[in-house]
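Listed in TrEMBL:
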type: BINDING; residues: Ser130, Glu201, His229; note: Mg(2+) binding site
type: BINDING; residues: Arg364, Asp378; note: ATP binding site
type: REGION; residues: 477-502; note: region 'Disordered'
type: SIGNAL; residues: 1-28; note: signal peptide
Amino acid sequence: MSQARRHLRPALFLAAVSARVATTGVAARRGLSAWPAPQEPGMEYQDAVRALNTLQTNAGYLEQVKRQRGDPQAQLEAMKLYLARSGLQVEDLDQLNIIHVTGTKGKGSTCAFTERILRSYGLKTGFFSSPHLVQVRERIRIDGQPISPELFTKHFWPLYRRLEETKDSSSYVSMPAYFRFLTLMAFHVFLQEKVDLAVVEVGIGGAYDCTNIIRKPVVCGISSLGIDHTSILGDTVEEIAWQKGGIFKRGVPAFTVLQPDGPLAVLRDRAQQISCPLYLCPPLEALEEGGPPLTLGLEGEHQRSNAALALQLARCWLQQKDYRGIGELKVSRPSLLRQMPLAPVFQPTTHMRHGLRDTEWLGRTQVLRRGPLTWYLDGAHTASSMQACVRWFRQALHRRQRPSRGSEVLVLLFNSTGDRDPAALLKLLQPCQFDYAVFCPNLTEVSTVGNADQQNFMVTLDQVLLRCLAHQQHWSRLDEEQAGPEPGEPTSSLLAPHPPEPRSTSSLVFSCISHALLWISQGRDPVFQPPSPPQGLFAHPVAGSGAGVLREAAAIHVLVTGSLHLVGGVLKLLEPALSQ
């Protein structure tokens with residue numbers, strides 16, 4: 001079938017839907033529903049989430065993405081079709097004053113910094129991100145807060161019914177997949193709630209991503225680039241850079257952080273081809289020079305790059321909207337770095353400083369201190385983000401307050417999903433010299449019945465447990481291969497009983513996060529106090545002997561990493577208020 005014919009039917013249907021919507025064009029342009037919002041008596045938030053979860057089985061989406069890597073236009077046409085069926089046109093999105101952000105590492109943190117800075121100016125903000133940690137409504141935020149269950153339900157059912165009513169048995173006119181539906185819903189929410197601006201985080205990639213239906217963002221940003229989602233984006237950083245640069249729009253300013261020469265050249269060429277002004281962010285130190293240091297609400301040295309990008313995005317947005325008080329320029333003449341114009345070097349305003357300081361972004365370099373337990377949570381899942389995670393974790397250990405007596409125990413809780421290389425990620429964690437490595441799936445409980453936010457229909461329990469066993473085998477091999485610290489590499493940062501010579505790490509696999517936390521905490525976390533563990537849960541010799549060590553330890557340091565979904569499951573159990 002020719003490419004023209006392949007696009008013919010959806011194009012005709014789009015035209016038909018557009019004509020249907022034209023009768024209520026004024027309402028659509030105002031961001032209002034094109035059809036009356038049906039009332040859904042008795043439909044609660046969990047009912048809406050269960051209905052949303054049925055769209056996960058429609059997620060042959062990723063396979064479709066792989067097939068259409070060279071044809072991103074086909075995916076954007078499909079998204080236009082969904083948008084029209086939902087009662088909106090692409091032009092309606094222009095009024096959202098969008099900041100569009102992509103990248104491999106740090107795009108979510110960059111968005112969080114940017115949103116908080118602009119909120120400190122008194123603006124009403126929308127923020128669309130993924131994935132969620134505990135509840136799906138976290139993906140759509142108003143003024144920094146997840147929309148309420150009531151607001152989620154209010155907006156969900158009219159959109160869901162509208163799409164149901166306009167589908168047919170054709171693969172061209174179906175229900176959108178999970179992420180596409182949430183993207184559509186975010187646009188409807190932001191328009192109807194009349195936000196001043198929306199910060200939109202790209203899901204995967206850029207060129208083919210369904211958020212790239214946005215045609216007139218105010219400004220675009222690209223955070224640090226690296227290898228991830230290779231089956232979809234490509235095998236090299238240069239290919240990935242080409243995909244990420246797909247969000248560039250003609251005449252719309254864009255900013256990126258310092259990248260390796262290869263991907264930076266790709267971004268520069270991609271921007272030049274469509275006359276997109278692309279700027280390189282100066283380091284945060286340049287903006288701090290001559291003034292007090294900036295305090296960041298997110299820990300970790302790598303967050304400074306994200307904060308530098310966020311400052312440029314926020315300042316550019318304010319400048320485009322003719323706001324005053326956007327930071328006095330320190331350097332009046334533009335300069336070049338690596339054949340790219342350098343973004344303005346300016347004095348951050350008080351609003352900007354407060355925004356950076358007050359930024360919260362759960363599950364990223366987050367620390368929870370609970371009695372003898374300290375939980376270190378970071379959803380690192382790429383090689384570069386794992387390197388940053390390890391640096392942050394080891395620095396945090398160096399700064400910790402050591403107990404006057406008794407032992408300290410280091411525990412790793414890890415999982416990895418998708419097409420990522422778990423062996424490579426685990427190798428990066430070896431220098432931490434953990435006493436115990438624990439592996440479990442991203443399931444809070446063995447059964448997720450009654451917990452719709454955590455359901456995943458794309459995998460079975462057997463599949464995820466087999467993957468955890470593979471992780472354990474990778475770790476055991478790495479443990480055997482470890483001959484000792486590299487020359488000049490510091491040994492364990494902990495005091496005795498941690499000897500400087502290499503030692504093997506005991507490892508365990510549990511069937512869910514709850515069981516893993518039960519064993520790690522041994523009832524010593526004052527908040528996580530579940531019922532007694534199932535009989536035989538700790539029957540394994542390592543589990544039995546380790547339980548005694550953990551009960552007697554003066555301090556237990558637990559790093560949870562490898563997957564944002566794992567971090568979300570842990571947060572759900574350790575912070576019950578997040579589920580309310």
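Indices start at 1 and increase along the chain as displayed.
Keep in mind that glycine also has a Cβ here, set from the backbone N, Cα and C atoms.
Rounded to a whole number, the C-alpha distance linking Ser130 (Mg(2+) binding site) with Asp378 (ATP binding site) is 15 angstrom. All protein chains included, Ser130 (Mg(2+) binding site) registers 19 other Cβ atoms within 10 Å of its own Cβ.
Cβ neighbours within 10 Å of Asp378 (ATP binding site), excluding its own Cβ and spanning all shown chains: 25. Counting only the Cα atoms, the space from Arg364 (ATP binding site) to Glu201 (Mg(2+) binding site) is about 16 angstrom. For Glu201 (Mg(2+) binding site), the count of additional Cβ atoms within 10 Å of its Cβ stands at 25 [all protein chains shown].
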